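What follows is a single structure, written as structure tokens, with notes after it.
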Amino acid sequence: MRRAAIGLALLLGAALGGLAPPIARAQPPAAPALAVPPLVAELSQRRIEITTGFTGADILVFGSTERLIGEASDEVLVVATGPPQPMVVRRKIRVLGFWMNGPSATFPQVPGFYAIAGTRPAWQMLPEDVRQSGRLGLDALPLRALGAQGPAFRAALLELKKGAGLWVEDTAPVEVSGGRLFHVRVPLPATVTPGTYRVEVLLVRARRIVARQELDFEVVRVGAAARIADVADTAPLLYGLTCIVLAGLAGWLGSVLFRRS
Amino acid sequence: MQVYLPIAEMSVDALLLLGIGFGVGWLSGMFGVGGGFLLTPLLILIGIPSAVAVASGANQTLGASVSGLIAQWRRGNVDWRMGLVLVAGGFAGSAAGVQFFVLLRRLGQVDLVVALFYIVVLGTVGALMVMESVRAILRRRRAAPARLHEHTWLHGLPFKMRFRKSRLYISVVPPLVVGFAIGVLSAVMGVGGGFMLVPAMIYVLGMPTGVVIGTSLFQVVFVTANATLLHAVQTGAVDIVLVLILLAGGVAGAQFGAAMGTRLRGEETRALLGLMVLAVAGSLLWDLVRPPPSLFAIAPLP
């Protein structure tokens, strides 16, 4: 958090002093001659580590704009997308009084994580066709299903992903301070999958996207958790044998330690 | 204190897991059973995926049974010859069980079939235990002299073998079949199967009670080891962190439970255990018949 605060202060100074940090990759299509980029943004962390004590994390997206942020002028939209994860949605059906899994729909290309936040909701900022083609909003995600069809499966996927905190839409708006400095917290729940996450920061002016900046961060398993998952995945035979030996040793050791006789 | 389970890919309260391990260990020490039949449903109840609960349950049962096996072996209560025949059947059974499990996973019916297995097996065993122990309590005063073991058509089967420690000369077919059945249960339910194996050894095979516990532990240790290995290779669902936390609580609990169990009478203990088994079966049945909170379920593509 302190690093983020320092970053914010630096950015503010840089923006006010007319100096752009070298990391900014903003492309100003409207006015290419400008010395000040219309948008600069940065993340508080480039690496989220899943340790054995991992309970979720927050990533802070912050930056500043060239003009004042407001409904009439510049507006900011932040979209974070996780690695794709094929999902199966199953409907429960009742057979002989028992509830069991019935027809299923497979969604081969859905983001494992998706979060969107703006100074205003995206549908207020942008025309519908831009929002749909840019996949800005949960209802704009291209969720094509194999197997059972029907809107109910799509709705259930949305509902359950939202319930798990893995798909987040406009829970908190992008906050603005000093007219040009914006920041938003993207909450990652404990169940996030490892991989490369992409954060897109969009600058909207007069219902058009005028600048965008893409930032990546990694979610990685580290420490014991990483090594265990790694061995289990790459050398399952070795892992299985280790599990047998460890469980046997633990059982034996425990009975020696706690013997009450 | 939250701990991240690397295979289940979720965070769980470590104290909750230790508590579950301790509680199940305590009960299993008191009643002299492995406790897998309580552990796996409890893990599913707190949100561990069924596949991980079953595979890790088998591994935990292995750890929980090792110390018992060592103790029984020292006292010479293991008929290793009978044990090896049971294990041979058990290996085949657990291999078949894991294949069945992989198929279920592909069909998306793991939850249902695991629950049904539990309801049928626990319901039957629990009801039999309660009936048998109530009958034993009722006729406690007018005890009839019992025969060493009954002779049935099972003893007329071919491939006879001499089991000196069990004082038996019987066909290897019944122990192989019993071992196979327990092996399937061990792979599909994540249990050791001691609660079914012990009555089967006494009533079907006619083994003397003195060697039953030791020999059943022999079978349980080897078959759960095989189930663990096969699950690790084929379903990749064994979570060693989960297993070790459960074992830490379990072995401590088992010692306290065992100390308490010596003060209970045999028939009452069995009636209590039977009621507990029935309660687990009942709650699983209720989960299947009541309307689910959500009509849909999502899961990553296996």
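Just so you know, glycine gets a Cβ as well, placed from its N, Cα and C.
Curation plays no part in TrEMBL annotations; they are all automatic predictions.
According to TrEMBL, the feature transmembrane segment maps to B:12-31, B:37-59, B:80-103, B:115-138, B:168-188, B:200-225, B:237-259.
Only sequence-distant pairs (6 or more apart) were considered; of these, at least three Cβ pairs between the transmembrane segment (B:168-188) and the transmembrane segment (B:80-103) are under 8 A, so the stretches are in contact. Comparing B:37-59, B:80-103, B:115-138, B:200-225, B:237-259 for CB pairs under 8 angstroms to the transmembrane segment (B:12-31), the maximum falls on B:237-259. Contact counts against the transmembrane segment (B:37-59), taken as Cβ pairs under 8 Å, peak for B:237-259 among the stretches B:115-138, B:200-225, B:237-259.
Outside the transmembrane segment (B:115-138) by six or more residues, the chain places 37, 40-41, 185, 188-189, 195-196, 199, 266-268, 270-271, 273-278, 280-281, 284-285, 287-288 with a CB less than 8 A from a CB of the stretch.
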